[in-house]
């Protein structure tokens with residue numbers, strides 16, 4: 001009997017292994033394709049019309065052109081050998097190519113995601129309901145906003161819309177990657193459906209909410225492709241600073257021959273170009289775009305769609321997070337918290353009958369009762385319940401339970417309903433039932449009475465339980481200097497209990513939608529940036545007001561349009577990860593900028609003595625690296641300047657390691673690692689390269 005099971009498990013495991021191996025092979029193939037495409041694009045981006053968008057690398061490209069021309073038409077007064085000019089020009093060319101490759105590689109990852117999304121946009125037909133009731137089949141591309149469409153089991157939802165009739169299970173794996181279907185129904189906050197998803201059961205009628213080219217998938221494709229990627233304010237500000245530095249150094253280098261002529265010696269044009277390239281911040285200039293694109297890519301990998309890079313950056317500067325209690329801090333499902341016996345009954349008796357009444361109950365509450373009883377090691381006869389007839393919960397009876405084969409009737413449900421049922425069986429009501437029910441209600445819980453025939457045994461205290469690990473996560477946010485505010489419709493007593501248990505900094509009890517806007521504005525008036533999550537139409541104003549609004553994909557169209565981020569997994573706690581990604585983006589940009597500028601110190605000690613030692617022998621004192629020769633020093637500095645860009649591409653793409661800590665601690669850590677490291681690494685790198693170059697010249 002056991003042999004077939006073992007074989008089946010083996011086959012399942014083998015098929016699972018093969019599937020994983022296929023995925024790994026596909027991933028490697030895709031990575032190779034992305035790299036090949038990036039290499040081609042790095043050459044295509046040499047077009048001056050493209051390069052001028054990056055002023056720093058554009059200057060390097062001009063330097064390449066000048067030195068390349070000098071390789072064939074050298075100056076008559078030049079004392080530099082011909083091979084030096086061509087070597088410098090090649091190094092500058094590869095410097096530009098490496099920078100272009102970094103940007104193209106980041107863009108390629110986004111385009112790969114866009115291609116997979118395009119595959120989900122299949123040619124489908126829609127059953128459109130005309131005003132006269134006639135059903136006409138048309139192509140999804142012909143649908144317009146406000147068209148009414150019927151979608152049956154097994155059919156693809158043709159475009160974005162909202163359910164106006166019916167209820168169905170929808171497979172959203174093409175969008176979210178989550179295989180479990182979700183329930184969509186008319187009315188409420190779960191009526192929004194997305195084009196490209198599949199109805200797997202029942203039938204729904206939807207009204208189309210977008211025109212062709214404006215659907216959710218279309219927006220996703222446009223965003224991840226980065227075709228219309230706008231630079232963020234911080235990126236523009238940093239780019240302006242770097243461009244200004246480049247302009248200053250350009251003026252210095254152009255005017256330098258005037259001073260050298262006065263001192264009685266000349267500097268070759270190729271050496272001046274090399275000096276300029278070593279002075280300007282080419283490292284961060286070559287990686288800046290890649291860092292921004294990769295930051296958006298990391299958010300997308302978390303199944304979060306950011307409407308702009310500005311939203312991701314804002315997440316990194318967040319000071320306050322507004323969180324709903326239900327579904328975010330707590331499970332949102334009432335879970336069994338404790339058992340309260342009445343009269344002379346015992347907890348074991350209450351647990352036994354509560355479990356028997358819940359064995360066949362598939363609701364979250366019913367399952368939580370079984371889990372609680374098992375955790376408390378209370379024994380009960382499961383087979384007895386399984387052999388009985390399950391009585392499902394109904395709005396009319398407000399009870400559920402089981403009728404056992406021996407005629408025993410077990411019920412659990414609302415206090416008033418069960419008391420009335422017990423009385424109808426001829427039973428009496430213990431005096432402390434209502435007292436204990438009131439206690440649970442005042443605590444913010446839900447009381448369920450457990451009864452068998454004409455006898456009440458006790459109550460189940462259902463509580464909206466705080467998710468595991470929330471206290472630790474809020475502590476991490478606190479270390480980052482971020483305040484958490486919990487909004488809940490519960491009374492102040494219950495809200496205070498949940499807030500204390502979860503570890504949030506503040507709470508707003510009996511909170512209405514308009515109260516959330518007031519909380520957000522109050523924080524913003526203090527100069528703070530605020531993030532919040534939401535899924536309902538009533539959350540839309542607050543999502544729009546927040547600096548970072550994360551809407552749930554399962555929510556309404558209004559909520560998604562108001563937010564600047566959408567979580568495809570509909571997990572409200574993901575706002576914490578989004579904040580982390582935003583901080584990682586800002587830290588990566590800041591760290592590499594620090595590293596790039598610190599690099600220049602070592603380059604100064606390499607190239608300045610090489611330029612002036614012959615005319616000013618005292619400058620030899622600055623040659624602290626004891627480089628082989630002036631030409632070797634210049635080439636070594638240029639080679640390091642070029643090679644460091646591809647070496648830092650993985651760091652720019654992945655982002656620097658981020659640990660929750662205060663801003664001051666973070667600044668000190670990064671200055672130590674990337675500031676001091678940015679000084680030490682070039683000294684070592686240039687010296688090693690010089691030793692190698694010295695073997696050939």
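Glycine residues also receive a Cβ, built from the backbone N, Cα and C atoms like all the rest.
Now, the feature entries from Swiss-Prot:
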| type | residues | note |
| --- | --- | --- |
| TRANSMEM | 55-75 | transmembrane segment |
| TRANSMEM | 79-99 | transmembrane segment |
| TRANSMEM | 245-265 | transmembrane segment |
| TRANSMEM | 271-291 | transmembrane segment |
| ACT_SITE | 324 | active site, 4-aspartylphosphate intermediate |
| BINDING | 361, 365, 393, 394, 395, 396, 397, 398, 399, 400, 412 | ATP binding site |
| BINDING | 535, 539 | Mg(2+) binding site |
| TRANSMEM | 605-625 | transmembrane segment |
| TRANSMEM | 633-653 | transmembrane segment |
| TRANSMEM | 677-697 | transmembrane segment |
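Here residue 399 (ATP binding site) comes close to 391, 393, 411, 412, 413, 414, 417, 418, 421: these same-chain residues lie at least six apart in sequence, with C-beta atoms under 8 angstroms from its C-beta. Sequence-distant neighbours of residue 397 (ATP binding site) (same chain, 6+ apart, CB under 8 A from its CB) are 413, 417. Three or more CB pairs closer than 8 A are found between the transmembrane segment (245-265) and the transmembrane segment (605-625), so contact between the two stretches is assigned (pairs 6 or more residues apart). Secondary structure at the residue listed as 'active site, 4-aspartylphosphate intermediate', taken from DSSP and collapsed to helix, strand or coil, is strand.
When secondary structure is read from DSSP and collapsed to three states, residue 539 (Mg(2+) binding site) falls in the helix class. Across the structure, residue 324 (active site, 4-aspartylphosphate intermediate) and residue 361 (ATP binding site) place their CA atoms 28 angstrom apart. A straight line from the CA of residue 361 (ATP binding site) to the CA of residue 535 (Mg(2+) binding site) spans 29 Å.
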